[in-house]
Structures are given as C-alpha cells and as structure tokens.
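Participant: Quick one: this structure, given as structure tokens, is what I'll be asking you about.
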Amino acid sequence: MQNLRLNGLRHGFADVFIDLHSRRARAVMLMLAVALATGALVASLGISQVAARQVAADLAASTLNTVTVTPAQETSSSHVAGAMVFPGDAVQRAHGLGPVQYAGLLNDVSLSVNVPVTRPPHYPEAVQGATVAGLTAQYPAVLGSSVPEETAWLLDTNLPVVFVGEDLAETLGISQGNDWTGINLYIDRVPYSVVGLVSSSKGNFSSSALIPYQRGLELTGGDGNSHMKILTEPGAGNQVAQTIRMSLMPQSPEQLVVSQVQNFEGMRAGVSTQLDKLAAFIGGFLLLLTVLLIANAMTVSVMSRTGEIGVRRALGASQWSVASLFLIEGFIIGACGGLAGSAIASTTIALISVASSWSIAYPLWFIFLGPTVGITAGLISSAYPAYRAGSIQPALAVRSD
C-alpha cells in the first residue's frame, strides 16, 4: 500500500514537471512572484533584525559611555556666591582616570541670571530664546557637537570670546564663513568677539552663545548650576562612574552626584518589536497578494484543463489524485520561489548593511524561512483550485470540452 502511494506521488510529480515545462513562461512568472514576495518578507525581517541590533549597539554606546557629574542637591541649594564645588583642575583629574576620551564642564548661565544677547546695531533687542553657557573646550565633543579646532582652546581661557549656535547666528545675521573678524556680540552689555560657530547634528547648542567657562563663572558668581560630562572609552562608563567622585573631590565626594548608567533593554526590545511588526506587515501584505495571484492563475488553469481532468477521472483517477496534481504544482512553485526569495533577501540584507555601515549578522534560520513561507503560500494558494479540480464530474467535464 505504501509502495502504491509512493508510486502515485512520484507519477504525480512527473506529470506536474511535464505540465510546468510545457507552460514555462507561466511557471516562471508564478515562481518570480513568490520569490519577490518571500524575498520582501524575509528581507524586511532580516533588515529589521540588523537595524534593531545596530540601534541596540548605538544605545549601549551612548548610555554606557557617557557619565554626568553634578553638585548634590543640598550642595547646590546651599551654595554660597563665589564658592566653587568643582576643583579648578577638574577636567585634568577626569582625564587622569585613564579610559576617558573627552571631559568638559558647562555652567548654565541663563539658568542662574538673565543675560540678554544682542548685536547692535544689526540686532539691538535681546534675542528671544537665546541661551548663554560657559564651558570648557572639550564639552561640545562629549555631545557630538564641534567648534573650530583652531579656536576651541579659547574656551579654556578667560578671554571675552563667544561661539555662536547655527540658529542664533542666522537670527543675528552672522554668516557661515570662516572669517568673523570684527563681529561682536553683547552679552549682558559686554562685548564678546565671535570666534566661530557651533556645529551639531543634534542641535544641542543651536540657539546658544557659548563663552569660556571662567567667564560664565564670573556671570553666575559660582558653579552651583554647573555639571561635568565625560565620554569614556567603550564599556568604561561604569568604571569611571564609580571613581570620578573620589578623583574630583577626595575630601568630600558626597558633594557630587554621578549619573547612573541606565538600562535601556526595554527600549531596545521595544524598537526591535516595532521594527519586526512593520516588516511582517509589509511582507505579509505582499505575500497575500501573491497567494491571490497564484490562486487565480491556477483556477484559470483548472478551467482550461477541464477536458483533461474529465478524461483522467473517466480512466479511473480518484478525486484525490487529480487534486494532488495542483497541490504538487503549488508546492513546487512555492519551494522554488521561496529558495529564490531567500537568495534575494540575503543579497538585499548584505547590500543595505554594507551601504549603512552596519555589521551583517542575522539568524541562520532566516535562510530556511524563504522556502518554508514559499511552500506554505504555494499550498494555500493551490488548495481551492485543487478542490475544484477534484470535484469535477467526468461526464460533465468531457461534455463541456
């Protein structure tokens, strides 16, 4: 009995291959449709996996490598004018810890006192929304911003110079060139020479006037609203966070608060889930269209082969043997299209990863996802045509032909 079934299945595959060969153009078009649909689905899922992994790596780099040090709340609230929390060599002490790329101090002047920013006679009124901050030379680099290298060192002096954010520069009519000779801003009615613009893809200082840290301390009368940011080597955030207070203030480390390295596993999982949902929706929609396309093509094939089906039934073929021909056809089309789809998806993922400078890594089972999805789609799309073919009565089929 088992041998009979195997022989019947073997003959069924042989008949289907003969039929597909006789209708090569139709078969190739259906396989191509399955390949594109499964390729889109697998590529979408693969790209979402690679992108989510890259987002996770970027989040880890930004959260594990950045340390913020601020005065303790009670220290800040009881701060005496003229008293300093951070030592004068705080930046040097931070670099003394070893795995530190950049370290800088920022004093938020606008948070402490009202300091109008003007540029008479071009802009005599105080600019609304403009902020003033005193900072050291390496602080912008911690946030991914930059100031001209040739003048950045001026932030570590006490000279009346200012770096202007891009939006503030546009408001004040300051050009984006490299020569700012003779251009002055007035901060709290004191002239400051413009020595550069601040560039930042994140817009951290787009509306700010940045002056030397010591100048900021003179305006605020202390560093109660100051903080230090440190960008460490990859993975060294915890190490620096645990030792920075003792390095800055060994006599009273409790006066400083260090930001804890945050756990963004939930956010990373959320990003991955959302990307997977989007990819599955896009690929699933294309796959649904492909299933309908194959089902329509095979239904038309059943109608065109009604006479042949009638002859098979008249010669003793069972309903199942007739229906199995269309199921086998759907299986072959789905399997071949799925294999091609996996190849398309793998190539697409690799190209996009290389173009985006991402690391190429995705689960091995993605390779088998294409054929699995393709076979499933092929069997589903051929189910109704197979049922319809098996339901044809021999006498009616021969008569209709």
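Positions of Cβ are set from backbone N, Cα and C atoms, glycine also.
Since the structure is predicted, the reported quantities are computational estimates derived from the model, not experimental observations.
What TrEMBL records for this protein is below:
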type	residues	note
DOMAIN	28-242	domain 'MacB-like periplasmic core'
DOMAIN	281-394	domain 'ABC3 transporter permease C-terminal'
TRANSMEM	27-47	transmembrane segment
TRANSMEM	278-304	transmembrane segment
TRANSMEM	325-352	transmembrane segment
TRANSMEM	364-387	transmembrane segment
Participant: Tell me the residue counts in helix, strand and coil for the domain 'ABC3 transporter permease C-terminal' (281-394), as DSSP assigns them.
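Facilitator: Secondary-structure breakdown of the domain 'ABC3 transporter permease C-terminal' (281-394): 96 helix, 0 strand, 18 coil.
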Participant: Averaged over the whole of the domain 'ABC3 transporter permease C-terminal' (281-394), what is the pLDDT?
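Facilitator: Averaging the confidence scores along the domain 'ABC3 transporter permease C-terminal' (281-394) gives 82.
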Participant: Cβ under 8 Å, sequence separation of at least 6 from the ends of the transmembrane segment (278-304): give me the contacting residues as numbers and ranges.
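Facilitator: Answer is 26, 30, 33-34, 36-38, 40-45, 47-48, 326, 329-330, 333, 373, 377-378, 380-382, 384-385, 388-389, 392.
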